[in-house]
Amino acid sequence: MIPLLYFVLPTLGSYVMLSIFFLRRPHLLHTPRAPVFPIRLAAHRGGSGERLENTMEAVENSMAQRADLLEFDCQLTRDGVVVVSHDKNLSRQSGLNKDVNTLDFEELPLYKEELEIYFSPGHFAHGSDRHMISLEDVFQKFPRTPMCLEVKERNEELIHKVANLTRRFDRNEITIWAAEKSSVMKRCRAANPEMPMAFTIWRSFWILLLYYLGLLPFVSIPEKFFFCFLPTIINRTYFPFRCGWMNQLSATITKWIIMRKSLIRHLQDRGVQVLFWCLNEESDFEVAFSLGANGVMTDYPTALRHYLDKQEEETQPPQPEALSCLSLKK
C-alpha cells in the first residue's frame, strides 16, 4: 500500500498542477477565438417586461435601448411560416387553446392585453401591438442585429426553415442556435453548421463535471455561448420546482457549483461568451457582472441599459473640463 502511494500521490499532484496551469492559460493548448459580436445586453423574448413579448413593438423598444442580442423561440404554423413564439400552445398568450401548428399564419390570434412576466411574478407587460410576428419579418427589419433562436422540439421542417432563412438573409455568423436537448441541437447543427451554437442542458452539466474533474482545459469546446441561469434568482423570481424547500436547496447547491470566476474566465479565454439569464433587478445585474459575465439577458432592456450606462460613467476618467474646475476650486 505504501509503495503505491509513492506513485499515486506525485502523479495526482502533477495532474492537479497541470490542470490548474492550463485552466489559467488555455491559449497554450487551444487557438484563441475572438467573439464575432460582443454581448452586454440581451433582450429576452424581444424584451417582454416592457412590451408584450415577441411583438415588433417589444423588439423596437429593445433596439432603442441598444440591445446587442435579441432572444426568440421559434414555432411553425400549419402553412409553414416560422413564427416567434415561446409557447407551442396559445392559451397562455392569447386565451385560445390551440397549438401554433394547427393554424395558418393569418389565423393566429392576438396576444392578450396583458401578459405576466415569467421571471418577474406578479408583474404584467402591456403594449399597443398585440400581433404575433414571423421570423422573416424580424430578419427583414433588423438584418444585422444578432439573434438567438431556440428550437424546443425535434421538428425537421422547422429546423431547416430557420436554417434556410438565416442563409437567405446572409446572417449565419450573427444568428445563434439554441436548444435544451442535445438531440435537437445535433439536427440544428447539421442543418446549418455555419451558425454558432449555445450549450444545451446536457452539455452544460458535462462542462461543469469536466471543470471539477480538472479535465476541462484538455477538452475541445465547439460552442461559443454559455447561457446560464443565475442561481441567486431561484426561489425569488425563478421557481423551477413546486416545493419551496427544493427551490431553496437547488439555489444553495447551484450557487456553489456555478458561480465560479475561474470557470467563467476559462470559458471566455476559450472564446465562449457567458451570459446569465433572466435577470430583471439591478442587484442581479451587479452579481452577474461581478462574476465576470460578458452580458445579461433581461426582460427589461431599459433597466439594464441604465445600469450599463451608469457603470460606464463611473469607470470613465474625469474630463479635462472637470479637472480644471477642481483645480480652480483649490
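Every residue gets a Cβ built from N, Cα and C, even glycine.
Feature annotations, reproduced from Swiss-Prot:
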BINDING   Glu71, Asp73, His86  divalent metal cation binding site
DOMAIN    39-308  domain 'GP-PDE'
REGION    311-330  region 'Disordered'
TOPO_DOM  23-200  topological domain 'Extracellular'
TOPO_DOM  222-330  topological domain 'Cytoplasmic'
TRANSMEM  2-22  transmembrane segment
TRANSMEM  201-221  transmembrane segment
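Counting residues 6+ beyond its ends, the transmembrane segment (201-221) has Cβ neighbours under 8 Å at 15-16, 19-20, 22-23, 26, 29-30, 180-182, 185, 228, 257-258, 260, 263, 266-267, 270-272 in the same chain. Mean model confidence of the domain 'GP-PDE' (39-308) amounts to 95 (pLDDT, 0 to 100 scale). Over all protein chains present, the Cβ of Glu71 (divalent metal cation binding site) has 28 other Cβ atoms lying within 10 Å. Other residues of the chain with a Cβ within 8 Å of the Cβ centroid of Glu71, Asp73, His86, the divalent metal cation site, are His44, Arg45, Glu53, Asn54, Phe72, Cys74, Val84, Ser85, Glu150. Long-range neighbours of His86 (divalent metal cation binding site) (same chain, six or more residues apart, CB within less than 8 Å of its CB): Arg45, Glu53, Asn54, Asp73, Gln93. For the topological domain 'Cytoplasmic' (222-330), the DSSP-based tally of helix, strand and coil residues reads 61 helix, 16 strand, 32 coil. All protein chains shown were included, and the count of other CB atoms within 10 Å of the CB of Asp73 (divalent metal cation binding site) stands at 19.
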